[in-house]
Amino acid sequence: FIQDFSKAMSQAGSSQFQEVIRQELEYSMKVELDKILATAHSNEIEHTKKDLEGFKKLFHRFLQEKGPSVDWGKIQRPPEDSIHPYEKIKARGLPDNIASVLNKLVVVKLNGGLGTSMGCKGPKSLIGVRNENTFLDLTVQQIEHLNKSYNTDVPLVLMNSFNTDDDTKKILQKYSHSRVKIYTFNQSRYPRINKETLLPIAKDVSYSGENTECWYPPGHGDIYASFYNSGLLDNLIAEGKEYIFVSNIDNLGATVDLYILNHLMNPPNGKRCEFVMEVTNKTRADVKGGTLTQYENKLRLVEIAQVPKAHVDEFKSVSKFKIFNTNNLWIALSAIKRLQEKNAIDMEIIVNPKTLDGGLNVIQLETAVGAAIKSFENSLGINVPRSRFLPVKTTSDLLLVMSNLYSLNAGSLTMSEKREFPTVPLVKLGSSFTKVQDYLRRFESIPDMLELDHLTVSGDVTFGKNVSLKGTVIIIANHGDRIDIPAGALLENKIVSGNLRILDH
(Lines of atoms letter the chains of each structure in order from A and count residues from 1; the text may use other names and numbers.)
(Lines give C-alpha, C1' and ligand atoms only; values in the text may rest on other atoms or scores of the structure.)
Protein backbone atom coordinates (compact mmCIF):
# COMPACT_ATOMS: atom_id res chain seq x y z
CA PHE A 1 0.00 0.00 0.00
CA ILE A 2 2.78 2.43 0.97
CA GLN A 3 4.58 1.70 -2.30
CA ASP A 4 1.40 2.30 -4.30
CA PHE A 5 0.73 5.48 -2.37
CA SER A 6 4.20 6.93 -2.90
CA LYS A 7 4.04 5.95 -6.58
CA ALA A 8 0.71 7.73 -6.95
CA MET A 9 2.11 10.77 -5.15
CA SER A 10 5.18 10.97 -7.36
CA GLN A 11 3.00 10.64 -10.50
CA ALA A 12 0.72 13.39 -9.25
CA GLY A 13 3.83 15.40 -8.43
CA SER A 14 5.22 14.99 -11.91
CA SER A 15 1.95 15.94 -13.60
CA GLN A 16 1.65 18.95 -11.28
CA PHE A 17 5.27 19.81 -12.03
CA GLN A 18 4.55 19.54 -15.76
CA GLU A 19 1.54 21.80 -15.33
CA VAL A 20 3.70 24.43 -13.58
CA ILE A 21 6.27 24.25 -16.40
CA ARG A 22 3.49 24.58 -18.97
CA GLN A 23 2.09 27.64 -17.26
CA GLU A 24 5.54 29.21 -17.05
CA LEU A 25 6.17 28.58 -20.76
CA GLU A 26 2.81 30.10 -21.67
CA TYR A 27 3.48 33.11 -19.50
CA SER A 28 6.97 33.64 -21.00
CA MET A 29 5.49 33.29 -24.49
CA LYS A 30 2.80 35.87 -23.68
CA VAL A 31 5.44 38.34 -22.42
CA GLU A 32 7.51 37.92 -25.62
CA LEU A 33 4.48 38.25 -27.91
CA ASP A 34 3.39 41.42 -26.07
CA LYS A 35 6.86 42.85 -26.65
CA ILE A 36 6.61 42.03 -30.37
CA LEU A 37 3.13 43.56 -30.61
CA ALA A 38 4.41 46.74 -28.97
CA THR A 39 6.71 47.30 -31.97
CA ALA A 40 3.80 47.36 -34.47
CA HIS A 41 2.77 50.57 -36.25
CA SER A 42 -0.79 51.73 -35.65
CA ASN A 43 -1.93 50.41 -39.05
CA GLU A 44 -0.50 46.93 -38.32
CA ILE A 45 -1.77 46.50 -34.77
CA GLU A 46 -5.18 45.04 -35.61
CA HIS A 47 -4.07 42.18 -37.86
CA THR A 48 -0.85 41.50 -35.92
CA LYS A 49 -2.96 41.09 -32.80
CA LYS A 50 -5.24 38.60 -34.58
CA ASP A 51 -2.23 36.63 -35.83
CA LEU A 52 -0.60 36.48 -32.40
CA GLU A 53 -3.89 35.50 -30.71
CA GLY A 54 -4.25 32.62 -33.18
CA PHE A 55 -0.67 31.60 -32.57
CA LYS A 56 -1.18 31.68 -28.79
CA LYS A 57 -4.09 29.23 -29.09
CA LEU A 58 -1.98 26.91 -31.23
CA PHE A 59 0.95 27.12 -28.80
CA HIS A 60 -1.37 26.38 -25.87
CA ARG A 61 -2.60 23.22 -27.62
CA PHE A 62 0.95 22.25 -28.55
CA LEU A 63 1.94 22.32 -24.86
CA GLN A 64 -1.09 20.20 -23.90
CA GLU A 65 -0.55 17.44 -26.44
CA LYS A 66 1.62 14.40 -25.82
CA GLY A 67 3.27 12.24 -28.48
CA PRO A 68 1.58 11.07 -31.70
CA SER A 69 -1.95 12.37 -31.71
CA VAL A 70 -3.75 9.19 -32.74
CA ASP A 71 -4.42 6.05 -30.75
CA TRP A 72 -3.54 3.38 -33.30
CA GLY A 73 -5.91 0.86 -31.75
CA LYS A 74 -8.90 3.08 -32.57
CA ILE A 75 -8.10 3.47 -36.26
CA GLN A 76 -10.48 1.57 -38.52
CA ARG A 77 -11.01 1.39 -42.23
CA PRO A 78 -13.69 3.84 -43.30
CA PRO A 79 -17.14 2.26 -43.78
CA GLU A 80 -18.04 1.39 -47.39
CA ASP A 81 -20.74 4.04 -47.66
CA SER A 82 -18.44 6.85 -46.47
CA ILE A 83 -16.29 6.81 -49.62
CA HIS A 84 -18.22 6.94 -52.87
CA PRO A 85 -16.76 5.83 -56.21
CA TYR A 86 -16.59 8.73 -58.65
CA GLU A 87 -18.17 6.60 -61.42
CA LYS A 88 -21.37 6.32 -59.37
CA ILE A 89 -21.52 10.10 -58.95
CA LYS A 90 -20.82 10.73 -62.62
CA ALA A 91 -23.51 8.22 -63.63
CA ARG A 92 -26.18 10.50 -62.16
CA GLY A 93 -25.53 12.92 -65.02
CA LEU A 94 -26.09 16.66 -64.82
CA PRO A 95 -29.33 18.60 -64.38
CA ASP A 96 -30.48 21.22 -66.91
CA ASN A 97 -29.90 24.02 -64.40
CA ILE A 98 -26.19 23.32 -63.87
CA ALA A 99 -25.46 27.05 -64.33
CA SER A 100 -27.50 27.97 -61.25
CA VAL A 101 -25.57 25.33 -59.32
CA LEU A 102 -22.25 26.71 -60.58
CA ASN A 103 -23.22 30.20 -59.46
CA LYS A 104 -23.14 28.94 -55.87
CA LEU A 105 -19.48 27.92 -56.16
CA VAL A 106 -16.23 29.70 -55.29
CA VAL A 107 -12.85 28.31 -56.36
CA VAL A 108 -10.11 28.73 -53.73
CA LYS A 109 -6.47 28.06 -54.53
CA LEU A 110 -3.81 27.67 -51.84
CA ASN A 111 -1.17 30.11 -53.05
CA GLY A 112 1.11 30.53 -50.04
CA GLY A 113 4.11 28.57 -51.29
CA LEU A 114 7.36 29.77 -52.79
CA GLY A 115 9.15 28.05 -55.65
CA THR A 116 12.32 27.57 -53.58
CA SER A 117 12.36 23.77 -53.84
CA MET A 118 12.58 24.20 -57.62
CA GLY A 119 15.24 26.89 -57.38
CA CYS A 120 12.89 29.79 -58.12
CA LYS A 121 12.40 33.06 -56.32
CA GLY A 122 8.89 34.31 -55.66
CA PRO A 123 5.51 32.53 -55.63
CA LYS A 124 5.45 29.01 -57.01
CA SER A 125 2.24 29.84 -58.88
CA LEU A 126 4.23 32.12 -61.21
CA ILE A 127 6.50 29.35 -62.56
CA GLY A 128 5.91 28.66 -66.27
CA VAL A 129 4.37 25.23 -66.69
CA ARG A 130 3.22 24.91 -70.27
CA ASN A 131 3.58 27.14 -73.38
CA GLU A 132 4.71 30.05 -71.18
CA ASN A 133 1.57 29.66 -69.02
CA THR A 134 2.05 29.69 -65.24
CA PHE A 135 -0.01 27.76 -62.68
CA LEU A 136 -1.98 30.96 -62.11
CA ASP A 137 -2.57 31.53 -65.84
CA LEU A 138 -3.95 28.01 -66.23
CA THR A 139 -6.24 28.42 -63.21
CA VAL A 140 -7.67 31.69 -64.54
CA GLN A 141 -8.13 30.16 -68.03
CA GLN A 142 -10.06 27.20 -66.58
CA ILE A 143 -12.49 29.36 -64.63
CA GLU A 144 -12.88 31.85 -67.46
CA HIS A 145 -13.77 28.98 -69.80
CA LEU A 146 -16.36 27.76 -67.27
CA ASN A 147 -17.90 31.23 -66.88
CA LYS A 148 -18.09 31.75 -70.64
CA SER A 149 -19.47 28.26 -71.38
CA TYR A 150 -22.27 28.42 -68.80
CA ASN A 151 -22.70 32.19 -68.54
CA THR A 152 -21.87 32.07 -64.82
CA ASP A 153 -19.92 34.08 -62.31
CA VAL A 154 -17.58 31.70 -60.48
CA PRO A 155 -14.96 33.79 -58.63
CA LEU A 156 -11.38 32.78 -57.87
CA VAL A 157 -10.01 33.34 -54.38
CA LEU A 158 -6.27 33.08 -53.70
CA MET A 159 -5.04 32.40 -50.20
CA ASN A 160 -1.63 34.10 -50.25
CA SER A 161 1.01 34.21 -47.55
CA PHE A 162 3.14 37.19 -46.59
CA ASN A 163 5.77 35.56 -48.83
CA THR A 164 3.65 35.57 -51.97
CA ASP A 165 1.17 38.43 -51.54
CA ASP A 166 3.05 41.36 -53.12
CA ASP A 167 4.28 39.47 -56.18
CA THR A 168 0.88 37.87 -56.76
CA LYS A 169 -0.97 41.18 -56.53
CA LYS A 170 1.35 42.76 -59.10
CA ILE A 171 0.64 39.93 -61.54
CA LEU A 172 -3.15 40.04 -61.01
CA GLN A 173 -3.38 43.30 -62.93
CA LYS A 174 -2.88 41.36 -66.14
CA TYR A 175 -6.21 39.56 -65.59
CA SER A 176 -8.23 42.74 -65.05
CA HIS A 177 -10.12 42.19 -68.31
CA SER A 178 -10.66 38.45 -67.89
CA ARG A 179 -14.08 37.09 -67.08
CA VAL A 180 -13.14 36.04 -63.56
CA LYS A 181 -13.47 38.05 -60.38
CA ILE A 182 -10.30 37.48 -58.38
CA TYR A 183 -10.08 38.04 -54.63
CA THR A 184 -7.15 37.49 -52.31
CA PHE A 185 -6.69 37.17 -48.58
CA ASN A 186 -3.60 36.43 -46.56
CA GLN A 187 -3.04 33.53 -44.25
CA SER A 188 -1.69 34.30 -40.80
CA ARG A 189 1.92 35.13 -40.03
CA TYR A 190 3.22 33.22 -37.01
CA PRO A 191 6.56 33.47 -35.20
CA ARG A 192 9.04 30.59 -35.46
CA ILE A 193 10.12 29.35 -32.06
CA ASN A 194 13.52 28.37 -30.77
CA LYS A 195 13.56 24.60 -30.26
CA GLU A 196 15.50 24.86 -26.97
CA THR A 197 13.78 27.79 -25.24
CA LEU A 198 10.33 27.50 -26.90
CA LEU A 199 10.32 31.28 -27.28
CA PRO A 200 9.90 33.28 -30.51
CA ILE A 201 13.11 34.21 -32.30
CA ALA A 202 11.56 37.45 -33.61
CA LYS A 203 12.19 40.60 -31.60
CA ASP A 204 9.79 42.85 -33.51
CA VAL A 205 6.99 42.64 -36.10
CA SER A 206 9.07 43.35 -39.20
CA TYR A 207 9.52 40.48 -41.62
CA SER A 208 11.97 41.86 -44.14
CA GLY A 209 15.75 41.77 -44.32
CA GLU A 210 17.30 39.68 -41.57
CA ASN A 211 13.89 39.07 -40.02
CA THR A 212 12.49 37.03 -42.91
CA GLU A 213 13.48 33.80 -41.17
CA CYS A 214 11.64 34.72 -37.96
CA TRP A 215 8.14 34.22 -39.38
CA TYR A 216 6.24 31.54 -41.29
CA PRO A 217 2.76 30.89 -42.74
CA PRO A 218 1.23 28.14 -40.54
CA GLY A 219 0.16 25.61 -43.18
CA HIS A 220 -3.09 25.51 -45.17
CA GLY A 221 -5.19 24.53 -42.13
CA ASP A 222 -5.07 28.23 -41.37
CA ILE A 223 -7.58 28.83 -44.19
CA TYR A 224 -10.63 28.65 -41.91
CA ALA A 225 -9.54 31.37 -39.49
CA SER A 226 -7.92 33.70 -42.01
CA PHE A 227 -10.76 33.39 -44.56
CA TYR A 228 -13.22 34.23 -41.79
CA ASN A 229 -11.09 37.04 -40.33
CA SER A 230 -10.61 38.64 -43.76
CA GLY A 231 -14.35 39.34 -44.04
CA LEU A 232 -14.37 37.66 -47.47
CA LEU A 233 -16.27 34.62 -46.18
CA ASP A 234 -19.20 36.79 -45.06
CA ASN A 235 -19.19 38.78 -48.31
CA LEU A 236 -19.37 35.60 -50.41
CA ILE A 237 -22.19 34.16 -48.28
CA ALA A 238 -24.04 37.47 -48.72
CA GLU A 239 -23.65 37.07 -52.50
CA GLY A 240 -25.39 33.69 -52.31
CA LYS A 241 -22.30 31.48 -52.60
CA GLU A 242 -22.62 28.13 -50.81
CA TYR A 243 -19.55 25.96 -51.45
CA ILE A 244 -15.84 26.45 -51.93
CA PHE A 245 -13.67 24.08 -53.93
CA VAL A 246 -10.21 24.23 -52.35
CA SER A 247 -7.03 22.81 -53.87
CA ASN A 248 -3.29 23.38 -54.10
CA ILE A 249 -2.42 25.73 -56.93
CA ASP A 250 0.31 23.33 -58.08
CA ASN A 251 -2.17 20.45 -58.57
CA LEU A 252 -2.94 20.76 -62.27
CA GLY A 253 -5.59 18.02 -62.05
CA ALA A 254 -7.76 20.01 -59.62
CA THR A 255 -10.32 21.46 -62.02
CA VAL A 256 -13.95 22.20 -61.17
CA ASP A 257 -15.86 18.94 -61.52
CA LEU A 258 -19.54 19.49 -62.33
CA TYR A 259 -20.59 15.98 -61.28
CA ILE A 260 -19.15 16.35 -57.79
CA LEU A 261 -20.65 19.84 -57.49
CA ASN A 262 -24.07 18.55 -58.51
CA HIS A 263 -23.77 15.70 -56.00
CA LEU A 264 -23.12 18.27 -53.26
CA MET A 265 -25.91 20.64 -54.21
CA ASN A 266 -28.50 17.96 -55.08
CA PRO A 267 -27.63 15.00 -52.85
CA PRO A 268 -29.52 11.79 -53.72
CA ASN A 269 -30.64 11.31 -50.09
CA GLY A 270 -31.61 14.95 -49.65
CA LYS A 271 -29.01 15.51 -46.93
CA ARG A 272 -26.19 17.83 -47.90
CA CYS A 273 -22.55 17.13 -47.08
CA GLU A 274 -20.62 19.91 -45.37
CA PHE A 275 -17.23 18.52 -46.36
CA VAL A 276 -16.10 16.34 -49.26
CA MET A 277 -12.54 15.11 -49.65
CA GLU A 278 -11.37 13.76 -52.99
CA VAL A 279 -9.21 10.70 -52.43
CA THR A 280 -7.54 8.49 -55.00
CA ASN A 281 -5.95 5.05 -55.00
CA LYS A 282 -2.42 4.85 -53.64
CA THR A 283 0.47 3.72 -55.77
CA ARG A 284 3.95 2.96 -54.46
CA ALA A 285 4.78 6.64 -55.05
CA ASP A 286 2.12 7.85 -52.62
CA VAL A 287 2.87 5.88 -49.48
CA LYS A 288 3.45 9.03 -47.44
CA GLY A 289 0.13 10.68 -48.33
CA GLY A 290 -2.48 11.22 -45.60
CA THR A 291 -5.29 8.66 -45.58
CA LEU A 292 -8.95 8.69 -44.59
CA THR A 293 -9.86 6.46 -41.67
CA GLN A 294 -12.78 5.88 -39.34
CA TYR A 295 -11.91 7.11 -35.86
CA GLU A 296 -14.37 7.38 -32.97
CA ASN A 297 -17.28 7.14 -35.46
CA LYS A 298 -16.06 10.05 -37.58
CA LEU A 299 -14.13 10.24 -40.82
CA ARG A 300 -10.65 11.38 -39.94
CA LEU A 301 -7.55 12.26 -41.95
CA VAL A 302 -4.43 10.61 -40.57
CA GLU A 303 -1.06 11.96 -41.69
CA ILE A 304 2.22 10.05 -41.47
CA ALA A 305 3.54 12.49 -38.83
CA GLN A 306 0.77 11.42 -36.43
CA VAL A 307 1.47 7.72 -36.68
CA PRO A 308 3.40 6.06 -33.82
CA LYS A 309 6.82 4.86 -35.07
CA ALA A 310 5.94 1.19 -34.65
CA HIS A 311 3.03 1.47 -37.09
CA VAL A 312 4.56 3.57 -39.88
CA ASP A 313 5.10 0.58 -42.18
CA GLU A 314 1.51 -0.51 -41.68
CA PHE A 315 0.37 3.04 -42.46
CA LYS A 316 2.39 3.03 -45.69
CA SER A 317 0.95 -0.32 -46.78
CA VAL A 318 -0.91 -0.08 -50.06
CA SER A 319 -3.15 -3.00 -49.12
CA LYS A 320 -4.46 -1.79 -45.75
CA PHE A 321 -4.91 1.89 -46.56
CA LYS A 322 -5.70 1.93 -50.25
CA ILE A 323 -6.42 5.62 -50.72
CA PHE A 324 -4.83 8.97 -49.97
CA ASN A 325 -5.99 12.57 -49.74
CA THR A 326 -5.51 14.65 -52.91
CA ASN A 327 -6.22 17.87 -50.95
CA ASN A 328 -9.06 18.67 -53.37
CA LEU A 329 -11.81 19.63 -50.92
CA TRP A 330 -15.40 20.84 -51.24
CA ILE A 331 -16.61 22.67 -48.13
CA ALA A 332 -19.87 24.42 -47.22
CA LEU A 333 -19.34 28.13 -46.49
CA SER A 334 -22.12 28.27 -43.87
CA ALA A 335 -20.47 25.39 -42.00
CA ILE A 336 -17.09 27.15 -41.93
CA LYS A 337 -18.78 30.25 -40.51
CA ARG A 338 -20.70 28.26 -37.87
CA LEU A 339 -17.68 26.27 -36.69
CA GLN A 340 -15.34 29.25 -36.78
CA GLU A 341 -17.71 31.30 -34.60
CA LYS A 342 -17.90 28.47 -32.08
CA ASN A 343 -14.14 27.97 -32.24
CA ALA A 344 -14.98 24.33 -33.00
CA ILE A 345 -12.63 23.44 -35.86
CA ASP A 346 -10.27 20.85 -34.49
CA MET A 347 -7.10 20.09 -36.43
CA GLU A 348 -4.08 18.16 -35.19
CA ILE A 349 -0.92 20.17 -34.79
CA ILE A 350 1.93 19.36 -37.13
CA VAL A 351 5.29 20.19 -35.59
CA ASN A 352 7.65 21.07 -38.42
CA PRO A 353 11.33 21.30 -37.35
CA LYS A 354 13.62 23.53 -39.43
CA THR A 355 17.27 24.50 -39.27
CA LEU A 356 17.90 28.11 -40.25
CA ASP A 357 20.85 29.28 -42.34
CA GLY A 358 22.85 30.18 -39.24
CA GLY A 359 22.34 26.67 -37.83
CA LEU A 360 19.64 27.59 -35.29
CA ASN A 361 17.04 24.85 -34.74
CA VAL A 362 13.49 26.15 -34.73
CA ILE A 363 10.04 24.63 -34.85
CA GLN A 364 6.97 25.88 -36.60
CA LEU A 365 3.48 24.79 -35.59
CA GLU A 366 1.19 24.07 -38.53
CA THR A 367 -2.18 22.54 -39.35
CA ALA A 368 -3.57 20.89 -42.52
CA VAL A 369 -6.85 21.94 -44.14
CA GLY A 370 -8.11 18.36 -44.61
CA ALA A 371 -7.65 17.50 -40.92
CA ALA A 372 -10.78 19.52 -40.12
CA ILE A 373 -12.97 16.89 -41.79
CA LYS A 374 -13.94 15.44 -38.41
CA SER A 375 -15.42 18.76 -37.25
CA PHE A 376 -17.96 18.94 -40.10
CA GLU A 377 -21.31 17.18 -40.33
CA ASN A 378 -22.07 14.50 -42.87
CA SER A 379 -18.57 14.33 -44.39
CA LEU A 380 -17.82 12.21 -47.40
CA GLY A 381 -14.87 10.87 -49.36
CA ILE A 382 -15.08 10.52 -53.14
CA ASN A 383 -12.64 8.15 -54.81
CA VAL A 384 -11.67 10.08 -57.94
CA PRO A 385 -9.57 9.07 -60.96
CA ARG A 386 -5.85 9.62 -60.63
CA SER A 387 -6.07 12.34 -63.29
CA ARG A 388 -7.49 14.71 -60.64
CA PHE A 389 -4.16 14.52 -58.81
CA LEU A 390 -1.38 15.99 -60.92
CA PRO A 391 0.87 17.92 -58.56
CA VAL A 392 4.04 19.61 -59.76
CA LYS A 393 6.45 19.49 -56.84
CA THR A 394 9.71 18.88 -58.73
CA THR A 395 11.19 19.31 -62.19
CA SER A 396 10.52 15.59 -62.75
CA ASP A 397 6.80 16.42 -62.43
CA LEU A 398 7.31 19.46 -64.65
CA LEU A 399 8.78 17.29 -67.40
CA LEU A 400 5.63 15.16 -67.42
CA VAL A 401 3.21 18.09 -67.71
CA MET A 402 5.29 19.85 -70.39
CA SER A 403 5.49 16.72 -72.52
CA ASN A 404 3.20 15.31 -75.21
CA LEU A 405 1.65 13.00 -72.59
CA TYR A 406 -0.81 15.84 -72.05
CA SER A 407 -2.76 18.17 -74.25
CA LEU A 408 -3.82 21.60 -73.05
CA ASN A 409 -7.35 22.86 -73.61
CA ALA A 410 -8.84 25.96 -71.96
CA GLY A 411 -6.33 25.78 -69.12
CA SER A 412 -6.96 22.08 -68.38
CA LEU A 413 -4.46 19.31 -69.03
CA THR A 414 -5.78 15.97 -70.23
CA MET A 415 -3.85 12.79 -70.88
CA SER A 416 -3.23 12.31 -74.60
CA GLU A 417 -5.48 9.74 -76.26
CA LYS A 418 -2.39 8.39 -78.04
CA ARG A 419 -1.05 7.04 -74.74
CA GLU A 420 -2.06 3.41 -74.54
CA PHE A 421 -2.38 3.16 -70.77
CA PRO A 422 -3.65 5.85 -68.42
CA THR A 423 -0.81 5.71 -65.88
CA VAL A 424 1.96 8.29 -65.88
CA PRO A 425 5.58 7.18 -66.44
CA LEU A 426 7.87 7.18 -63.43
CA VAL A 427 10.43 9.96 -63.94
CA LYS A 428 13.45 10.61 -61.71
CA LEU A 429 15.73 13.45 -62.73
CA GLY A 430 18.97 13.83 -60.77
CA SER A 431 20.26 16.83 -58.84
CA SER A 432 21.61 18.57 -61.97
CA PHE A 433 17.96 19.12 -62.94
CA THR A 434 16.58 20.32 -59.58
CA LYS A 435 16.46 24.02 -60.44
CA VAL A 436 14.03 25.07 -63.14
CA GLN A 437 16.60 27.14 -65.02
CA ASP A 438 19.10 24.21 -65.09
CA TYR A 439 16.35 21.82 -66.13
CA LEU A 440 15.28 24.08 -69.02
CA ARG A 441 18.87 24.47 -70.17
CA ARG A 442 19.32 20.70 -70.39
CA PHE A 443 16.39 20.09 -72.78
CA GLU A 444 16.57 21.71 -76.23
CA SER A 445 13.03 20.48 -76.60
CA ILE A 446 10.89 18.20 -74.41
CA PRO A 447 11.27 14.56 -75.57
CA ASP A 448 8.44 12.47 -77.00
CA MET A 449 7.32 10.42 -73.97
CA LEU A 450 4.08 8.82 -75.21
CA GLU A 451 5.47 5.30 -74.89
CA LEU A 452 7.72 5.86 -71.88
CA ASP A 453 7.35 3.73 -68.73
CA HIS A 454 10.32 4.79 -66.67
CA LEU A 455 13.06 7.39 -66.98
CA THR A 456 16.03 7.86 -64.64
CA VAL A 457 18.63 10.52 -65.40
CA SER A 458 21.66 11.19 -63.23
CA GLY A 459 24.66 13.46 -63.66
CA ASP A 460 25.58 15.95 -66.36
CA VAL A 461 23.17 15.01 -69.16
CA THR A 462 21.68 17.16 -71.95
CA PHE A 463 18.98 16.34 -74.50
CA GLY A 464 19.01 17.57 -78.10
CA LYS A 465 15.86 18.42 -80.09
CA ASN A 466 13.19 15.84 -80.94
CA VAL A 467 14.48 12.97 -78.78
CA SER A 468 12.07 10.00 -78.31
CA LEU A 469 12.03 7.94 -75.12
CA LYS A 470 10.24 4.58 -74.94
CA GLY A 471 9.96 1.77 -72.40
CA THR A 472 12.57 2.02 -69.64
CA VAL A 473 15.42 4.45 -70.19
CA ILE A 474 18.27 4.97 -67.73
CA ILE A 475 20.96 7.58 -68.43
CA ILE A 476 23.84 7.90 -65.97
CA ALA A 477 26.79 10.21 -66.46
CA ASN A 478 29.49 9.41 -63.92
CA HIS A 479 31.13 12.17 -61.94
CA GLY A 480 33.25 14.31 -64.29
CA ASP A 481 31.67 12.78 -67.38
CA ARG A 482 29.01 14.30 -69.61
CA ILE A 483 26.39 12.70 -71.84
CA ASP A 484 24.77 14.60 -74.71
CA ILE A 485 21.79 12.79 -76.21
CA PRO A 486 21.90 13.82 -79.89
CA ALA A 487 18.99 15.50 -81.67
CA GLY A 488 16.48 13.06 -83.12
CA ALA A 489 17.76 10.10 -81.05
CA LEU A 490 15.36 7.26 -80.21
CA LEU A 491 16.11 5.51 -76.91
CA GLU A 492 14.01 2.43 -76.26
CA ASN A 493 14.69 0.19 -73.24
CA LYS A 494 18.25 1.51 -73.05
CA ILE A 495 20.83 2.08 -70.38
CA VAL A 496 23.33 4.80 -71.33
CA SER A 497 26.32 5.41 -69.10
CA GLY A 498 29.87 6.71 -69.21
CA ASN A 499 30.88 9.65 -71.37
CA LEU A 500 29.13 10.61 -74.58
CA ARG A 501 29.92 13.93 -76.28
CA ILE A 502 28.34 14.68 -79.59
CA LEU A 503 30.54 17.02 -81.59
CA ASP A 504 28.82 19.28 -84.11
CA HIS A 505 31.15 19.69 -87.11
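Using N, Cα and C of the backbone, Cβ positions are placed for all residues, glycine too.
Sequence annotations record features per position, and here TrEMBL assigns UTP binding site to Lys124, Gln187, Gly219, Asp250, Lys393. If you look up TrEMBL, you'll see His220 marked as substrate binding site.
When Cβ neighbours within 10 Å are tallied across all protein chains shown, the highest count among the binding-site residues Lys124, Lys393 belongs to Lys124. Listed in sequence order, Gly113, Lys124, Ser125, Phe135, Pro391, Val392, Lys393 are the same-chain residues six or more apart from Asp250 (UTP binding site) with CB atoms under 8 A from its CB. Summary for the binding-site residues Gln187, Gly219, His220: the Cβ-based neighbour count within 10 Å is maximal at Gln187. Spacing of the residue listed as 'substrate binding site' relative to Gln187 (UTP binding site) is 8 Å (Cα to Cα, whole number). The maximal spread of the UTP binding site, taken as the longest Cα to Cα distance among Lys124, Gln187, Gly219, Asp250, Lys393, is 21 Å.
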